[in-house]
Amino acid sequence: MVQIRLTNTRTRRKEDFTPIDPRNLRLYLCGPTVYDRAHLGNARPVLVFDVLVRLLRHAYGAGHVTYVRNFTDVDDKINARAAETGRPIRDITRETIGWYHDDMDALGAERPDHEPRATDFIGQMIAMIEVLIGRGHAYAAEGHVLFDVRSYADYGRLSGRSVDDMIAGARVEVAPFKRDPMDFVLWKPSDGDQPGWDSPWGRGRPGWHIECSAMSEALLGPSFDIHGGGIDLQFPHHENEVAQSCCAHPGAGFAKVWLHNEMLQVEGKKMSKSLGNFFTVRDLLDRPAGQGGGVPGEVIRLVMLSTHYRKPMDWTEAKRAEAEAVLRRWRGLVAGIEPAPSPAPAVLDALCDDLNTAGAIAALHDLAGKGDAAGLLAGARMLGLLLPGMGGWAEAGADADADAAGLIGTLLAARAAARSARDFARADAIRDGFAAAGVAIKDTAGGAEWSLQPGFDAARLRALAEALSGSQPA
Ligand SMILES: Nc1ncnc2c1ncn2[C@@H]1O[C@H](COP(=O)(O)OP(=O)(O)OP(=O)(O)O)[C@@H](O)[C@H]1O
Ligand SMILES: [Zn+2]
């Protein structure tokens, strides 16, 4: 297999990927804040990492890769949702985690090896904050603990900005207890009805950034291979994670490679909960018939992987229709076939080249075009496509098509019989019934040809067949 190359945000270059320990590869992806259903944009990093992990397991062995993705289950947005709804925080986070699992499972994303919840790691966060204070990188003030950005010379390296530029460009909260406007919160006080834990600085709760530093260290150690998330997290979240982790462990490297996906957009803007311009993965999966019907998870996955992860993309109905047609065709080709022992080199080469999923999909089209069903299946599975158990939708569609074809054949035979019996009323009733159900009939020298029209209605076709079988020809 060829060398894996990845674009590392830290160095801003596409680099050869060399694991710290090839027998123990470690990855961390920033997961969701759990107060609402995941929108389609939130699925993008999950799908990118799912393909990355499949590739790394293929290259280094399934047992040599550890993938961690957290749940942020303590956050002021969750508190706000609880206040709005009058529901206990724990009910909201538990329910949202359940939804998240259902929705990401439906996209064929494998569950990570560890899914730590922030509230299970409060002790580790407090310990890390104490280390940072001890080393002179953080200070307590008015029940808060703040990270002192001026104490870390490399602050801003990941996102490529200087602290002074940041202050000039950012709208930061200038609290009176901050030494510098860019200092960020590690710990903050909680009042009586807010979730809180006892700490050396009084009852309080952690800031968001310290959660990922503490959980990645607890599960992967102070140095690990790949850290990911959307590009919207590069600053401040990931910059702050680097500052915390590198200052707590000056000898360790923290994340060697930073991998950031570009945004799923709506009319040129990031799809986001705060902007309100989002639809959820569940909205698509369960879309009512009147709006085009539910979109199978596998179809969503193919659309999302058709654009390289470092490019912005949008969701369109045209992409959905194209992906659905492609998967139907591929599923037809691979029915009853065993996958080839190894994915085709063209598929692997594309994925090794900075996860070029679009290139890998082009290679799958080539395999399908050559009729190499076993190669197509092995290659598609590297992308989490054509997985067993995910094709029910295509089979259901194929069954429905087969049913329709059977009914149409029966009705055409009935029409021919009516014509030869000169029962023109009956023949015309069948013709009108076809038109009403959305079936176009063309009489040719070789017999009747039919095609399904947009708006084809299988129920009307069945009703027509039942009405005819109840009435005998004249
Ligand atoms: N539009 C998007 N396209 C791709 N990735 C996204 C998009 N929006 C969020 N993400 C990624 O999804 C993950 C979870 O993000 P998060 O829970 O902060 O959602 P969000 O929609 O950005 O929320 P908010 O708008 O409230 O900040 C992160 O890795 C984030 O980078
Ligand atoms: Zn994080």
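Yeah, the Cβs are placed from backbone N, Cα and C, and that goes for glycine too.
Any TrEMBL annotation is an automated prediction that lacks curation.
Per TrEMBL, the listed range annotated as motif ''HIGH' region' is 32-42 (candidates: 32-42, 142-152, 175-185, 329-339).
Ligand 1 lies under 6 Å from the Cβ of none of the binding-site residues Cys212, His237, Glu241.
Rounded to a whole value, the Cα-Cα separation of Lys273 (ATP binding site) and Cys212 (Zn(2+) binding site) is 21 Å. On the 0 to 100 pLDDT scale, the model's mean across the domain 'Cysteinyl-tRNA synthetase class Ia DALR' (346-394) is 97.
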